[in-house]
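A.B. asks: One structure, as structure tokens, below. Some questions next.
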Amino acid sequence: MGMSSLKLLKYVLFFFNLLFWVCGCCILGFGIFFLVQNTYGVLFRNLPFLTLGNVLVIVGSIIMVVAFLGCMGSIKENKCLLMSFFVLLMIILLAEVTLAILLFVYEQKLNTYVAEGLNDSIQHYHSDNSTMAAWDFIQSHLQCCGVNSSSDWTSGPPSSCPPGADVQGCYNKAKLWFHSNFLYIGIITICVCVIQVLGMSFALTLNCQIDKTSQALGL
């Protein structure tokens, strides 16, 4: 691989990471906006930190940090930054694989846990404004009512529930949506993993080529 190939690889890695850094900034911005607005509330009372804003802030921050290391490591041809980029990508990839395995193994327990958490939050709908905001947002946007059906609302369904006796419960509707779009979710997940592996490969290749170039130049 000559100097021209090294430059090509360097700029390809730089521009891809720059694109991901901009995406990370956008995700972080949306997360901060949701946190400031605080209109989506807390759905699981036993996990108060699990909100849309917090999730977007964490994901956006991770993408920005990793992409920044990739950008600076490639454009500066800095081996330390490139290896940091490689290691972080590997950790994220291993975490994703581990999470996928755990979700598959403990699917039934997770379903039970989520259903119990949703039923518990319904009981605090009128006493907690954050829980009320979360349920109103979900029911109005997903056109669903309650966890399994509108009968989950012992004191009567709120105004955010759509009218009609055949309205599905939000938990059942979410599960149905997930199963009907499982193929697309799987394809997106695989594409993300492939991009991560390519990023790791490019970083490692560029790192090795920097060594070879330095040796050839006698540095």
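Every residue number used here counts from 1 along the chain in the order it is shown.
Heads up, the Cβ atoms here are built off N, Cα and C, so glycines get one too.
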A.B. asks: What is the disulfide partner of Cys161 among Cys145, Cys170, as given in TrEMBL?
C.D. replies: Cys145
A.B. asks: Which one is it: of the disulfide-bonded residues Cys145, Cys161, which Cβ has the fewest other Cβ atoms within 10 Å in this structure?
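C.D. replies: Fewest other Cβ atoms within 10 Å, among the disulfide-bonded residues Cys145, Cys161, is found for Cys161.
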